[in-house]
């Protein structure tokens with residue numbers, strides 16, 4: 001009887017062991033199937049295995065299968081239940097320690113529903129929570145990495161890119177006078193050259209900023225700077241005006257991505273207490289770019305001897321050398337940028353934990369070695385990564401031909417950029433975007449509007465002063481003479497010239513009124529702003545002159561001959577003094593920004609971004625009223641320097657605030673949109689203020705003051721980001 005009872009007990013125990021093992025293996029197989037499906041959906045290869053414990057420990061500690069009998073006998077788990085599939089991962093790379101992204105989101109027996117069963121609102125809510133946790137953790141990690149050699153190296157690399165943007169703004173204004181004559185640009189088309197660059201920069205800022213949030217800061221910056229450098233070099237060699245316009249358009253399109261990408265990139269490797277100051281120091285490179293362009297223009301463009309020609313079809317003048325020299329900062333930044341890593345904050349945002357961890361370790365080790373502490377260990381093991389939400393569909397390889405796949409890829413990327421841009425108007429950044437839009441537009445409109453108004457007013461004052469020095473010659477007669485010198489700023493009225501020779505004469509701002517030329521010869525004559533009004537020419541020979549029909553107004557010709565008229569466009573001697581003056585004024589105006597840059601960098605983290613932004617814009621608006629007293633060139637130049645020095649603090653603080661208000665997933669996109677709006681406001685300001693130069697001072701002064709003060713008051717309503725971590 002006792003033996004029979006023992007047999008039944010052993011049989012029950014064996015049956016329970018078998019049932020337990022069957023259930024365990026069933027649950028294991030279900031979880032493995034879900035794991036594979038999850039891996040295929042999320043494209044993870046190993047992260048789910050990082051904190052996965054042994055399969056035999058499926059039941060939590062202290063929890064046993066109901067009805068289980070405790071025994072000391074060897075279980076079948078010691079020799080059975082070994083799954084050969086587990087051997088696939090033995091000895092393989094298990095990844096750098098990261099957050100629990102393994103089975104937390106996997107649907108399994110008795111666990112919460114997985115991501116595929118959640119609606120988008122729930123997923124976005126979880127992602128926001130993850131981003132808040134990541135922001136706090138990332139700030140601590142950056143503080144542990146310290147501020148040192150890595151940040152300074154990146155500072156100079158990104159500074160070269162920002163310098164290239166500053167150069168691009170000045171290049172067209174400096175080469176325009178020379179390019180107009182060299183490329184035969186008509187007066188009606190000269191304005192296109194200045195506007196086309198801003199148009200390219202406007203489109204480029206939006207596109208490259210959006211792309212930086214998709215493919216990364218480094219990748220986007222490399223591409224956009226390469227585009228700028230290539231077409232900037234190409235523009236120095238093209239001959240036709242149309243090709244030159246296209247090259248400058250594409251060059252502007254490339255450089256448009258520099259500002260939004262550079263500031264987003266650099267801000268993401270700076271700790272909170274360093275961010276405001278060092279972003280302000282970075283702004284100084286834009287000023288250096290302006291100084292570099294002014295100095296190079298001053299040194300190169302007036303040297304007409306620095307030119308060569310290959311027949312009459314190809315002309316390479318000094319202004320083309322200047323264009324090449326101005327492309328050097330861009331090329332330097334591209335070369336240096338290839339040695340820098342991607343932004344670790346961006347990599348964490350897109351779920352690339354391991355790459356971000358290695359870059360953060362690189363930053364830490366680089367700074368520690370520079371401090372003489374190479375033994376210090378990077379203690380971070382796990383970094384939170386936000387939940388990834390699929391938005392776009394991956395293109396399959398069988399999508400038609402290669403060009404169709406390329407077209408679909410471009411369209412998909414553009415659609416993704418547009419979706420990111422629309423999210424800039426979603427909660428919680430919608431109100432900030434609207435306020436930033438107002439501040440960016442008003443500051444750009446007032447700054448660039450007055451920037452073009454100042455030189456035009458100075459030029460207008462120069463013209464008035466030049467007119468006062470005009471020499472008037474009236475009712476005189478010259479016979480049997482020969483002239484071979486330059487005639488400048490003269491008006492000849494009622495004159496009579498007989499049997500005279502004008503040999504190699506350069507006429508500059510000379511007007512002949514009611515005059516008679518008898519048996520005269522004009523040989524190898526060049527003229528600028530020279531006209532013959534109501535004049536009579538008798539038996540006169542014109543040989544190798546540039547006298548176009550429009551220079552003869554109501555004039556009469558009797559038995560006259562025109563031989564070998566000069567064709568094409570030559571670099572003229574016009575405005576040699578004015579060219580130097582333009583370079584000098586721009587040089588001083590750009591140099592005046594230096595004190596404002598230093599002050600803003602030192603006080604950015606002390607008095608706050610908003611105080612500096614609002615105060616600088618209000619003071620700039622008030623300073624406009626001093627223009628009432630600008631009655632001379634020197635006074636206007638002084639006002640220009642004062643105005644530039646005050647507004648630079650507003651620009652620096654606005655850049656810092658914009659970077660800090662947007663979260664990482666839309667930071668470059670939002671910055672790019674606002675920078676594109678800045679360029680549109682600049683074009684509008686140039687048109688409006690440029691049309692008011694010769695009318696009155698009152699309208700430009702009141703308009704600029706009102707716009708700047710209103711923008712400054714709106715800027716004071718923005719959130720203070722001085723104590724916030726970078727989201």
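Placed from the backbone N, Cα and C atoms, the Cβ positions cover glycine too.
As annotated by Swiss-Prot, topological domain 'Cytoplasmic' applies to 1-154, 213-226, 270-280, 342-437, 600-609, 658-670, 717-727. What Swiss-Prot lists as region 'Interaction with SYT1' is 1-57. Under the heading phosphoserine, Swiss-Prot lists 75, 76. Among the features that Swiss-Prot reports, phosphothreonine is placed at 79, with the record citing similarity to another entry. Per Swiss-Prot, the feature compositional bias 'Basic and acidic residues' maps to 113-128. Taken from Swiss-Prot, the feature transmembrane segment covers 155-175, 192-212, 227-247, 249-269, 281-301, 321-341, 438-458, 579-599, 610-630, 637-657, 671-693, 698-716. Annotation source Swiss-Prot lists topological domain 'Extracellular' at 176-191, 302-320, 459-578, 631-636, 694-697. Under the heading N-linked glycosylation site, Swiss-Prot lists 480, 484, 534, 559, 565, citing sequence analysis as support.
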Cβ neighbours within the same chain of residue 534 (N-linked glycosylation site) - under 8 Å, at least six residues apart:
513, 514, 553, 554, 555
Just going by other Cβ atoms within 10 Å, which of the glycosylation sites 484, 559 has the emptiest spot?
559
Dominant neighbour of the transmembrane segment (155-175) in 192-212, 281-301, 321-341, 579-599, 610-630, by Cβ pairs under 8 Å:
281-301
Counting a contact as 3 or more Cβ pairs under 8 Å, with residues at least 6 apart in sequence, do the transmembrane segment (192-212) and the transmembrane segment (249-269) touch?
yes
Taking only the Cα atoms, work out how far residue 565 (N-linked glycosylation site) lies from residue 484 (N-linked glycosylation site), in Å, as a whole number.
19
For the topological domain 'Extracellular' (631-636), sequence-distant contacts whose Cβ falls under 8 Å of one of its Cβ atoms, 6 or more beyond its ends:
454, 457-458, 461-462, 465
With a cut-off of 8 Å between Cβ atoms, can you find at least three pairs linking the transmembrane segment (281-301) to the transmembrane segment (438-458)? Only pairs 6 or more residues apart in sequence count.
no
Cβ-based contact of the transmembrane segment (610-630) with the transmembrane segment (579-599), 3 or more pairs under 8 Å:
no
Quick one, of the glycosylation sites 480, 565, which Cβ has the fewest other Cβ within 10 Å?
480
Do the transmembrane segment (249-269) and the transmembrane segment (671-693) share at least 3 Cβ pairs closer than 8 Å, excluding pairs fewer than 6 residues apart in sequence?
yes
What is the separation, in Å, between the Cα atoms of residue 480 (N-linked glycosylation site) and residue 559 (N-linked glycosylation site)?
20
